[in-house]
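According to Swiss-Prot, the protein has these features:
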type	residues	note
BINDING	Gly169, Asp170, Arg171, Gln172, Thr173, Gly174, Lys175, Thr176	ATP binding site
SITE	Ser373	site 'Required for activity'
Amino acid sequence: MQLNAHEISDLIKKQIEGFDFTAEARTEGSVVSVSDGIVRIHGLGDVQFGEMIEFSNNTFGMALNLEQDSVGAVILGDYLHILEGDIVKCTNRLVEVPVGEAMLGRVVNPLGKAIDGKGDIDAQGVRPLEVMAPGVIDRKSVDQPIQTGIKAIDAMVPVGRGQRELIIGDRQTGKTAVAIDAIINQRDSGIRCVYVAIGQKDSSVATVVRKLEEYGALANTIIVVAGAAVSPALQYIAPYAGCAMAEYFRDRGEDVLIVYDDLTKQAWAYREVSLLLKRPPGREAYPGDVFYLHSRLLERASRVNADYVEKMTNGKVKGQTGSLTALPIIETQGGDVSAFVPTNVISITDGQIFLETDLFNAGIRPAINVGLSVSRVGGAAQTNIIKKLGGGIRLDLAQYRELVAFAQFSSDLDVETKAQIDRGQRVTELMKQNQYSPLSIAEMATLLFSANSGLLDDIEVNKIVDFEVSLIAYMKVNQVSLMNRINEIGNYNDKISNELQVAIDDFKTNYTW
């Protein structure tokens with residue numbers, strides 16, 4: 001069939017008449033639906049993943065689902081005033097948080113806005129919520145310790161600067177207490193701290209803030225709060241916000257400690273957001289990228305070399321390394337560490353401190369299970385004197401737990417086995433520690449030396465705690481020079497050993513407890 005010229009011109013005219021001349025808005029869109037903090041938007045063709053988008057009334061959201069004909073976004077704040085048909089605009093900026101020295105001592109929400117009633121924060125700048133972790137070439141090995149002040153951790157599960165050490169256990173086993181004690185111990189160390197509270201009761205966070213202020217650690221700490229009452233979207237971004245604030249100090253050649261309390265609740269929030277965005281669920285209804293959720297966060301904790309710091313500060317800081325040490329917390333259900341999220345985070349981190357309900361209920365606090373707790377890189381960073389004195393302690397406790405289990409089936413024990421059990425009972429008592437009472441290196445070394453040298457063997461088990469308190473008080477008053485030397489140098493040698501032996505013998509001979 002042939003078309004003549006007249007028919008062809010008619011066809012072309014029809015095509016031209018039916019052509020839609022309206023231009024597609026690439027940086028603007030309109031709300032199609034809004035529910036449960038999730039918005040479906042038509043338009044926004046140029047939006048990036050993770051970009052901050054602006055609604056009316058100065059409300060912001062974050063684009064998370066980029067589909068062929070729509071965008072799925074979460075609203076970071078109140079969404080009750082957002083209606084179908086409202087205009088949404090791109091900002092060409094990823095979600096950012098304020099950073100800087102001005103943030104220290106303040107309580108903020110995940111967007112960096114003050115919620116402590118002390119007025120606005122005049123921040124030094126802003127950083128994107130998510131950035132790439134430092135590469136292999138930018139990193140330095142972990143070889144400097146971070147003292148938590150907790151005997152059981154510093155002696156047996158040491159943490160180094162730049163390490164990721166997981167704190168894991170059931171609810172009400174003292175996970176937050178361990179992390180808060182570690183923060184309190186940094187008040188005079190120059191190490192900055194960030195505490196991220198995710199999905200917690202406001203009353204619990206208020207208690208933490210009050211305790212940090214009481215013990216003089218708040219001025220050195222940023223507290224990021226996404227409480228149980230805020231939207232899942234804010235709980236999801238809270239750890240990344242805290243990490244961005246901490247990285248500001250790391251990239252200037254400083255040392256930072258960050259606590260994520262806890263990442264289980266962040267995973268729950270992310271699962272909720274993902275299901276509302278209609279992403280396909282996987283194991284335990286978590287989305288497929290829940291491993292990446294935590295790995296990309298925890299990989300940002302690192303020790304960086306001087307070249308990286310110089311590059312990040314444009315040459316202003318030279319010859320200085322920086323570090324970001326992470327203490328993520330994971331809550332288990334019924335002691336099940338083989339669940340989905342716990343196994344993920346265990347595989348990402350450089351070791352774990354496992355807290356046990358049975359030990360906690362037995363009065364052994366912190367309730368650290370020495371057999372299941374490990375630090376994969378902290379040994380290289382441990383203070384010399386604690387490393388040399390602490391090795392024997394771990395062995396004593398391990399043998400004690402084994403022998404106690406064996407002794408249940410046998411009433412007739414030889415003298416050597418009974419002596420080992422007696423030693424283990426005393427070491428177990430010695431490892432107990434009250435909350436909010438971190439110890440210095442010298443105080444810890446004194447107690448570890450007394451256990452290692454058999455100086456506790458003639459003291460009744462129920463008197464060990466009284467002996468410990470009195471011995472520390474005696475050393476602070478009568479052995480000031482020795483204690484200062486141990487704190488400053490941190491090395492262990494025959495001279496230190498002899499001086500400690502003489503001092504403790506003198507205390508046992510001339511003092512009571």
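Placement of Cβ uses the backbone N, Cα and C atoms for every residue, glycine included.
Model, not experiment: these values are computed from the prediction.
Each residue in Glu331, Leu355, Thr357, Phe360, Ala367 lies on the same chain as Gly169, Asp170, Arg171, Gln172, Thr173, Gly174, Lys175, Thr176 and has a C-beta within 8 Å of the C-beta centroid of that ATP site, without being one of the site residues.
Just so you know, of the recorded positions Gln172, Ser373, the Cβ with the fewest other Cβ atoms around it within 10 Å is the one at Gln172. In this view, Asp170 (ATP binding site) is surrounded by 17 other Cβ atoms within 10 Å of its Cβ, with every protein chain counted. When the binding-site residues Gly169, Gly174 are compared by the number of other C-beta atoms lying within 10 angstroms of their own C-beta, Gly174 comes out lowest. Long-range Cβ neighbours of Arg171 (ATP binding site) (same chain, at least 6 residues apart, Cβ-Cβ under 8 Å): Glu331. Here the binding-site residues are Thr173, Thr176, and the one ringed by the most other CB atoms within 10 angstroms is Thr173. Lys175 (ATP binding site) sits 13 Å from Ser373 (site 'Required for activity'), taking the Cα positions as reference. In three-state terms derived from DSSP, Lys175 (ATP binding site) belongs to a helical segment. Cα spacing between Ser373 (site 'Required for activity') and Asp170 (ATP binding site): 15 Å, rounded to the nearest whole number.
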